[in-house]
Amino acid sequence: MYLEREIWFSFSFFELPFCISFVSDSSFPLFLPLNFHCFHLTPQFNSSASGCCFLLPFFPLTSVSCALPELVAVLYVLFAKLTWTVFLCICSFAILGYKKPLEEKDLWSLNEDDISKNIVQKLSREWDKEKAELSQTVTAVDVVLIYFKNLISCKKPSFLKALMRTFGPYFLIGSFFKLIQDLLSFVNPQLLSVLISFIKNKDAPAWWGFLIAALMFTCAVLQTLMLHQHFQYCFVTGMRLRTGITGVIYRKSLVITNSAKRSSTVGEIVNLMSVDAQRFMDLVAFLNMLWSAPLQTCLALYFLWQALGPSVLAGVAVMVLLIPFNSAVAIKTRAFQVRYQQRKKASSETEAVALTTFAVYVLVDEKNILDAEKAFVSLSLFNILKFPLTMLPQVISNIAQTSVSLKRIQQFLSHDELDPNCVEREVIAPGREISVVLRGADAEPCFLHSINLLVPSGALVAVVGHVGCGKSSLVSALLGEMEKLEGEVAVKGSVAYVPQQAWIQNATLKDNILFGQAPNEQKYQNVLEACALKTDLEVLPGGDHTEIGEKGINLSGGQRQRVSLARAVFSSSDIYLLDDPLSAVDSHVAKHIFDQVIGPDGVLKGKTRILVTHGIGFLPQVDHIVVLADGKISEMGSYQELLKQNKAFAEFLRNYALDENIEEDELTKLTNEEVLLAEDTLTLLDVISSEGGECPNKMSTKRRVGEKKPAEPPVPRRNPNEKLIQAETAEVGTVKLTVFWQYMKAVSPVISLIICFLYCCQNAASIGANVWLSDWTNEPVINGTQHNTSMRIGVYAALGLLQGFIVFVSSFTLAMGGINAARKLHAALLENKFHTPQSFYDTTPTGRVINRFSKDIFVIDEVIPPTILMFLGTFFNSLSTMIVIIASTPLFTVVIVPLAVLYFFVQRFYVATSRQLKRLESVSRSPIYSHFSETISGTSVIRAYRREKSFIDISDLKVDENQKSYYPSIMSNRWLGIRVEFVGNCVVLFAALFAVIGKSSLNAGLVGLSVSYALQVTLALNWMVRTTSDLETNIVAVERIKEYSETETEAPWIIEDKRPPADWPSRGELEFVSYSVRYRKGLDLVLKDLNLRVHGGEKIGIVGRTGAGKSSMTLCLFRILEAVKGEIRIDGVRISEIGLHDLRSRLTIIPQDPVLFSGTLRMNLDPFNKYSDEEVWKALELSHLKRFVSSQPSMLEFECSEGGENLSVGQRQLVCLARALLRKTRILILDEATAAIDLETDDLIQMTIRTQFEDCTVLTIAHRLNTIMDYTRILVLDNGTIAEFDTPTNLIASKGIFYSMAKDAGLA
């Protein structure tokens, strides 16, 4: 069968069309869109921005024989890939980037193969396969070799294998292009040999010289195309690797157990996502050097042997000695120190190898003549060796670093996962919705044990007990969040969960409530009404469209809890797990929520509800009460049954019951039928009474149930368009010179100048050595030998040694300067962030701050210094090349100007796009980390509502948004490389052409010198423009660090000449003088003209309605808020005049939201080791934590997880109390510090505060009014002003605001 194949090429500088036309005798051309990215027939981009459409003619392969079409098809796709190498589509994109700063809407959509969802699916599948293969192997061997079970259990699945199976095939295509490029790189040195022979032969025809020049140019162009094909595949593989690793880490974080979660903090997991995933990306770009470097070395040595014979073995010996030494240093030394020096070291090593080889060659036999052909062809081959000599040790260093990252990632991915089957969803007794049967395991300690519980459909069950008895753990067990050792847990139906500490997303209030459910306006309004959120919407600036900050920062604790409850109610689930949702809200709001939502007549009636609570006023209305003690059920039954049992809980109820004088209508009357559960609706199994159930002593102050805290009136509404979390902005245009100056200052201006001077000297020495070599080759041969050989070798060696010494000094100086600069910039950022006002963190997502400290610091630490080194090296290299070529062939000056203009234009054209892409990529990276941090803190809620998939989709979308900025930067690098190397190839062409033209006036030595330098310039020019643009794009990290290092700071921590006395405050006197304050500029005053005096040792209760300014007062004492006017004095000292550290270290606060750090319990109590173990144990005893801590195997060394997640909220508040008892300053502030503590423990805590802080001044923001009824005076705030300030007795007698509040709480 006849097949005609026609191939034609057409080149232009900016658009290099490449067409292959196939015509068969039985077909017509068929146009198909091709994916030039892989072997799939899908277009690479969908871009309205680029407007690119790419069509190539194709022909039906059925019309030809079997073998030929396959070959043609492969060649066709490879040719198409070559076409794509010139990146036609990037042209319009680069033009757009040059005309205006790029925006997100200008970016292309990603190819299907690069979408996060698809990549992660493939990687997850391979990882699951790897785990499955290992488990099968272990199981099979286990049966046969039980003796070696411990050895087998040590074996872990290999994440590396999963990565190789997922990304290896695509990467190997790039390796094929690298092989072709390596082979092509050795063609031009051979052509140089032919050119020098042509110059020597004066009779050779001119056309032969022009042909050689044309061949050198063609070979260089082909080499360029192949190299950039290789890089395209490598960088895309790296991008996919990062995407895949980020995705599997995110997915794993949603399913790991709580114990595994405690072993990795959020910061560590973010590091896996950013730094460790980035290491894989960096490694892949040059991974092929592992085989390419040995290949290039072997080929170079082969050709050198052809030219210089056995003398080359001397050079090989030097090389062999140097490479292992460098590799060992690379592995043992920190990478950022080695990288600076590797590239320049390779240059001096090449000089050493060349010197050794030439010296041995001329010395072993005086008949050995070092002519131009031998010298400069050898020199060209030695120059080829520079790159592998540079990269191989660096790749080995990168592999060493990446292996550490691989171990960390593999360790995280190998963590235990929650068992999805630990909670049975289907099989359960008829009429029941929850069944729990848990038994204690003999082998290991367990937190919940001997639990037997059946909950009927539609029941309301209250769970009560002391702090740390296991109430929240029981809820977690029902959610499947606990590790089940023995027994069964069954839950029938969908679950809604309200955690003790509300989890709020950085989204609108409405989105937080809907939580992915379909909108239903009527239902939504009913939920808002039931959860008492209507009045809050009037307060919020944008109503339910108000953006809520990270962790609900712009909502009060009560508002956060009500939003969390509204989310549960709106979900219309079958089962509601409510973990103490009423403790964070005011008493009257709690009653409203119970009546309208949770109680027998609430919107959830008929639903199964498990309510953890400390409010005993609600217990008569529940169907059943479960009393927990030490992880076991001590009592169980209805309210009346528990009273009749007359056990510990009945005594507790009698101690804290209602007084007879409370009005009848305050209580909900229940008939016996409503209180008692029929026997057939609940089965009690193995009810075990609590250990040591002594009756608690009666407290001096009796509790009242139904205490009412003040109503929450609306505050003035702010601008509804105001946005709390502003979008992160990217700088536009050229990077300001001040940013470069900032980095130079960090390095030191003097050191910067010294480095530049040393580079000038090093290149001067290099030129000198090569000019001397050129002169040496031109020395006349007399009687078959050259004279002055020793002198020639001596000078050449001296210049080489001088060059090596300068390289060492300059690279070492740059390394030290880079390290110091990174330290200074990091220290400045850290210092600023430690001194940044709280308002900054209220309005800035954590991800943005983490991004600065992780990725941007990484760039400054490990990317910018080697980039500067490369820039200086390539700049001086290119400059010296131009000097040498112009000196050798002055005619070259004619083309140097147009080539320089072209080069400059391409560089500016590229940098405008590349720089902005880098900025967009940096900005789009922060949301990945913010979303991840948010997800980690809310995993239990996400899992309870079965929303894992939607959160994974959101994460994938954010990663894709980031890759949309990164992918065009890969493409633009290739676009740049093709065009810049074209300029370099033109330099080779013109150097060769002018050598041919000036043949009569040039000697072989000068031609060899000129063309060998020209062959280097292609790579040098490419790297110079790359490093120039890399420097501009990466210096953006300094710009971003600088931005966050210059944010507004608080007052100085210490003011030396204003330091207070060592025993200050000795009396504890407080005085507010005409004091006014606001949160931020532009907002209304929150405290207005306060005037009050507190005597030393007084106990002051602070009460008032929400928004009255109670918490603001405490913030003012610590100067978290600074005064607008007026002043605060403590013991006569104006706090505005002393340093913040001196002030804050002398005050103690127990906050409403307890703060614990990951570390030991002792570190959390005494971070500076100021106190003895006896003092620490005494503080734990007084805070009623001694029993819990003593029961832990490691006791004071008990490891607290991040945020104290492995302690209950009540226990965390008690730890904060113990911390305060240790410090015992003269002034103590309590901000609703016992909200999450049961009533009995709260009374004990109040007694501890009264005795241990008897001589201290105590300011208490009261959550429960009865705790402050015996205080010295009560301060009533109203709308930022003092409404009342007197003793409790006088205030009740005056029948003012406090009287009405006390009456609501049943205390008056």
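Each residue, glycine too, has its Cβ placed from N, Cα and C.
Summarising the annotation, TrEMBL assigns domain 'ABC transmembrane type-1' to 172-344 (among others).
The feature domain 'ABC transporter' is assigned by TrEMBL to 431-655 (among others).
Here TrEMBL flags 753-1033 (among others) as domain 'ABC transmembrane type-1'.
According to TrEMBL, the domain 'ABC transporter' annotation covers 1070-1304 (among others).
Taken from TrEMBL, the feature region 'Disordered' covers 695-721.
The transmembrane segment annotation in TrEMBL covers 7-24 (among others).
Residues annotated as transmembrane segment in TrEMBL: 73-98 (among others).
Annotated transmembrane segment per TrEMBL: 167-187 (among others), in sequence order. If you look at the transmembrane segment (167-187), the same-chain residues 6 or more away from its ends with a CB under 8 A from one of its CBs are 38, 219, 222-223, 226-227, 229-234, 236-237, 240-241, 244, 284, 287-288, 291-292, 295-296, 299-300, 303, 381, 384.
Residues or ranges marked as transmembrane segment by TrEMBL: 207-227 (among others). Within the same chain, residues 82, 85, 177-178, 180-181, 184-185, 187-188, 191-192, 194-195, 198, 977-978, 981-982, 984-986, 988-989, 992-993, 995-996, 999, 1018 sit at least 6 positions outside the transmembrane segment (207-227) and bring their C-beta atoms closer than 8 Å to a C-beta of that stretch.
The feature transmembrane segment is assigned by TrEMBL to 283-305 (among others).
According to TrEMBL, the feature transmembrane segment maps to 311-331 (among others).
If you look up TrEMBL, you'll see 750-773 (among others) marked as transmembrane segment. Below 8 angstroms of C-beta separation, residues 347, 351, 358, 375-376, 379, 744, 792, 795-796, 799-800, 802-803, 806-807, 809-810, 813-814, 816-817, 872-873, 876-877, 879-880, 883-884, 1009, 1012-1013 of the same chain, each at least six residues beyond the ends of the transmembrane segment (750-773), sit close to that stretch.
Positions annotated as transmembrane segment by TrEMBL: 793-815 (among others).
With a threshold of 8 Å between CB atoms, the same-chain residues lying at least 6 positions outside the transmembrane segment (857-876) that come near it are 274-275, 278, 335-336, 339-340, 343-344, 347, 743, 755-756, 759-760, 762-763, 811, 814-815, 817-819, 821-822, 825-826, 829, 1020-1021, 1023-1024, 1027-1028, 1030-1031, 1034-1035, 1037-1038, 1041. Sequence annotations record features per position, and here TrEMBL assigns transmembrane segment to 857-876 (among others).
The feature transmembrane segment is assigned by TrEMBL to 882-906 (among others).
Taking Cβ pairs closer than 8 Å, the transmembrane segment (976-998) reaches residues 13-14, 16, 85-87, 188, 195, 198-199, 206, 209-210, 212-214, 216-217, 220-221, 224-225, 227-228, 231, 881, 885, 888-889, 891-892, 895, 899, 902-903, 906-907, 910, 914, 1007, 1010-1011, 1013-1015, 1017-1022, 1025-1026, 1029 in its own chain, all 6 or more past its ends. Look at TrEMBL and you will find 976-998 (among others) tagged as transmembrane segment.
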